[in-house]
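Asks: Dropping a structure here in structure tokens format, bear with me for questions.
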Amino acid sequence: MEAEGCRYQFRVALLGDAAVGKTSLLRSYVAGAPGAPEPEPEPEPTVGAECYRRALQLRAGPRVKLQLWDTAGHERFRCITRSFYRNVVGVLLVFDVTNRKSFEHIQDWHQEVMATQGPDKVIFLLVGHKSDLQSTRCVSAQEAEELAASLGMAFVETSVKNNCNVDLAFDTLADAIQQALQQGDIKLEEGWGGVRLIHKTQIPRSPSRKQHSGPCQC
């Protein structure tokens, strides 16, 4: 999808334990944009962090560019991951509905971000991934909804395999960021990369060229 006409850039990170499906979730979302490549079927574990982008027309707001960071869940990469916290405005906290430990660790991930950013700068969304694996599920939707409510965030279940709610998760987070920005709960700040106002002079375009969603040099 072209980034032409985007008013803001929102920097968003996906956090959660290793192997919960963050990479496949992100690549599936990016590949849902017209002209974007298909996601790899078996992505390798993320090394540190990778950046992707997708432009999005908000339901009740302007067109925005999402800068999406896929972070590694392995402990040896945690120091790298933490460096992104202070410059994100949105976080998808992802757990695997078939892996109870990944669900129990959600509060740890949430606390890490809160300790770095504070309570007023980040919009969270809880994502229960791999909802297609009902036979091996060990975390109920009710449990997840209760945790999300206790942490003050919304909850969405997703499945890349069934193409279930992938777009909804990212779109819901983006809409919530825009609403917070409109209401003044989140403010543009010099030197903070969470939300950036995009000026037309910063996006040169040639009539014969198009920009597609995909990995970016962020």
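The chain as shown is numbered from 1 upward.
Every residue gets a Cβ built from N, Cα and C, even glycine.
Straight from Swiss-Prot, here's the annotation block:
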BINDING   A19, G21, K22, T23, T46, G73, K130, D132, V160, K161  GTP binding site
BINDING   T23, T46, D70  Mg(2+) binding site
LIPID     C216  S-geranylgeranyl cysteine
LIPID     C218  S-geranylgeranyl cysteine
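Could you tell me the structural context for the features on the list?
Replies: Look at K130 (GTP binding site): DSSP puts it in coil.
All protein chains shown were included, and the count of other CB atoms within 10 Å of the CB of T23 (Mg(2+) binding site) stands at 24.
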Asks: Three-state secondary structure of D70 (Mg(2+) binding site) from DSSP?
Replies: strand
Asks: Can you tell me how far the Cα of T23 (Mg(2+) binding site) sits from the Cα of K130 (GTP binding site), in Å?
Replies: 12
Asks: Between the Cα atoms of A19 (GTP binding site) and D70 (Mg(2+) binding site), what distance do you get, rounded to the nearest Å?
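Replies: For A19 (GTP binding site) versus D70 (Mg(2+) binding site), the Cα atoms are 12 Å apart.
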Asks: Quick one: Cα separation, V160 (GTP binding site) versus D70 (Mg(2+) binding site), in Å?
Replies: 16
